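All remarks here apply to the structure that follows.
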Amino acid sequence: MAVAGGNLVVAGGGEFQNFEGRTTSYLVFICLLIASCGLMFGYDIGINGGVAEMNSFLEKFFPTVVVNKRREAELGEGSLYCQYNNQNLQAYNSALYLAAFVSTWFSSYVTRHYGRKGSILVAGISFLMGVTLRASAQNLAMLVIGQSLLGWGLGFSNQAAPLYLSEMAPFKWRGSLNYLFGLGVTVGAFFANLINYGTAKMAHNGWRVSLGLGGVPAILITIAGIALSDTPNSLIQRGKHEEGKAVLRRIRGVENVDVEFEDILIAGTHKSREGIAAFKDVFKGKSLPPLIVSCLFQIFNQFTGSNDLSFYAPVLFSTLGFKSDGALYSAVILAGTTILATLFGLFLVDRLGRRALLMLGNLQMFISLIALALILRFGLQDGSHLPHSLSIVVVVFLCAFLMGWSWSWAPLAYLVPTEIFPLETRSAGLSIQASVNFLFSFVMIETFLSMLCSLKWGFFIFFAAWIIVLQVFVMFYLPETKGVPIEETELVWTRHWFWKKFIPVDKDFDKP
């Protein structure tokens with residue numbers, strides 16, 4: 001729905017309007033810097049599971065786990081699955097997501113009224129405070145408060161950073177540039193596991209080094225929140241039209257940005273004065289289908305089981321009988337393969353489209369989960385550790401599973417929601433779907449160790465069954481947004497066989 005000469009134009013009687021511009025070096029630079037938000041998230045995911053494998057950390061904060069490991073490793077299969085089943089350890093890890101769930105409800109207001117970079121700055125400051133407190137923790141309370149501050153920052157950054165990338169990117173390469181956030185997550189997790197592998201060899205306080213090095217991406221995020229310009233969409237929505245147009249010229253590398261500027265203007269200016277109604281508007285009209293789809297997207301992403309396996313990878317390997325070094329080293333291998341997979345997805349997302357990547361990823365994850373369940377069902381019958389040959393096969397299938405997730409659901413869970421909301425309800429919609437994401441992340445991380453203890457190898461069957469549900473969702477209910485300008489994606493809903501019935505065709509598109 002581009003604007004030319006004051007009229008709405010859909011080029012070619014159904015094709016979307018092209019905007020002038022190119023991908024500039026300045027745009028790539030700022031997108032890489034914003035991707036450090038993903039780096040921080042990935043680092044948090046990778047670091048927590050690794051330090052939970054360090055005895056010095058466990059002895060200080062979770063001594064009962066150390067006792068369980070020593071006592072239960074000799075009691076058979078069931079106890080091997082249960083040696084990390086400790087409520088305090090689960091509560092510490094899940095505090096990250098509980099705090100993020102709460103903060104998303106505040107981040108929407110900041111993102112809308114103070115811009116995307118305003119939320120990124122809040123995130124950076126929260127990260128710095130959380131890293132400092134967690135790395136210097138003397139008791140469990142300090143550790144949990146530091147973890148919660150990091151979660152508070154995640155609530156802001158995980159909403160604002162993907163949105164920043166999508167609004168800055170040219171529509172033809174929006175998928176690839178938004179994938180930088182997902183790439184940042186996988187790179188952060190890789191370095192976290194690599195650091196854990198090194199610091200685990202330190203006699204004392206290696207965990208403090210692991211947790212403290214999270215300050216590096218936190219500093220980058222704070223710098224980005226201070227130094228970078230806001231997105232044209234945010235500036236124009238807040239009435240800063242000339243500043244928004246100047247940023248648009250700089251990131252597109254051309255002087256004539258009038259068509260794209262007018263497209264953004266008509267999408268959001270008339271609603272920028274009605275921000276107080278955004279949360280009401282998102283539950284009706286053209287905003288309702290994006291809200292339903294984005295929330296389901298976040299729920300289904302958690303029910304792949306991938307966040308659990310990424311978060312607790314070293315713990316899982318230790319449960320299966322890997323020695324401490326082997327568990328951490330295997331986690332490094334997993335994290336390294338996810339980087340390659342994300343790069344693969346980055347190359348294909350704007351070529352094959354979102355739906356194709358998700359369906360292929362589902363197939364790869366399903367096969368891997370079934371294979372893992374069968375290996376553990378028949379390989380741990382007597383409660384002993386896995387034979388060396390089977391241990392290698394487990395690592396291979398876990399790599400295959402996480403690779404399938406890393407080039408599909410992992411980055412697309414951040415890309416797709418930023419594409420599908422109309423501008424006037426975008427901040428509110430992203431806040432709601434982010435809160436759903438963190439709520440279900442909290443539930444899954446809080447229950448993972450208990451589920452592993454109760455279900456044993458059936459844990460993998462549980463998530464394989466959910467993959468079937470995910471495939472049905474993608475095949476029949478997810479519209480394709482490849483190659484559609486971000487302020488025109490509302491048109492894909494009016495053409496979808498199911499969602500079009502929720503959007504009255506006789507209503508003006510500029511009303512929610």
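Cβ atoms here come from the backbone N, Cα and C positions, even for glycine.
Listed in TrEMBL:
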- 26-47: transmembrane segment (TRANSMEM)
- 30-482: domain 'Major facilitator superfamily (MFS) profile' (DOMAIN)
- 94-111: transmembrane segment (TRANSMEM)
- 118-137: transmembrane segment (TRANSMEM)
- 177-195: transmembrane segment (TRANSMEM)
- 207-228: transmembrane segment (TRANSMEM)
- 326-349: transmembrane segment (TRANSMEM)
- 356-380: transmembrane segment (TRANSMEM)
- 392-416: transmembrane segment (TRANSMEM)
- 428-445: transmembrane segment (TRANSMEM)
- 457-478: transmembrane segment (TRANSMEM)
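Tertiary neighbourhood of the transmembrane segment (428-445): same-chain residues 90, 93-94, 96-98, 100-101, 104-105, 107-108, 111-112, 151, 154-155, 158-159, 163, 278-279, 281-282, 287, 290-291, 294-295, 297-299, 301-303, 305, 307-308, 311, 413, 417-418, 421, selected by CB-CB distance under 8 Å and a gap of 6+ residues from either end. If one looks beyond the transmembrane segment (356-380) by at least 6 residues along the same chain, the residues whose Cβ comes under 8 Å of a Cβ in the stretch are 77, 80, 304-306, 320, 345, 348-349, 386-387, 390, 393-394, 397-398, 400-401, 403-405, 407-409, 412, 456-461, 463-464, 467-468, 470-471, 474-475, 478. Sequence-remote contacts of a segment are chain residues at least 6 beyond its ends whose Cβ falls under 8 Å from one of its Cβ atoms, and for the transmembrane segment (392-416) they are 158, 162, 166, 174-175, 178-179, 181-183, 185-186, 293-294, 297-298, 300-301, 304, 306, 309-310, 313, 320, 330, 333-334, 337-342, 344-346, 348-349, 354, 357-358, 360-365, 367-369, 371-372, 375-376, 386, 437, 470, 478, 481. Remark: the transmembrane segment (26-47) contacts the transmembrane segment (177-195), by the rule of 3 or more CB pairs under 8 A. Sequence-distant contacts of the transmembrane segment (207-228), counting only residues of its own chain at least 6 positions beyond either end whose CB sits under 8 Å from a CB of the stretch, comprise 30, 33-34, 36-37, 39-40, 43-44, 47, 50-51, 54, 56-57, 117-118, 120-125, 127-128, 130-132, 134-136, 150, 153, 157, 188, 192, 195-196, 199.
In the predicted model, residues of the domain 'Major facilitator superfamily (MFS) profile' (30-482) average a pLDDT of 86. Tertiary neighbourhood of the transmembrane segment (118-137): same-chain residues 34, 37, 40, 61, 107, 110-111, 143, 145-154, 156-157, 159-161, 164, 208, 211-212, 214-215, 217-219, 221-226, 228, 230, selected by CB-CB distance under 8 Å and a gap of 6+ residues from either end.
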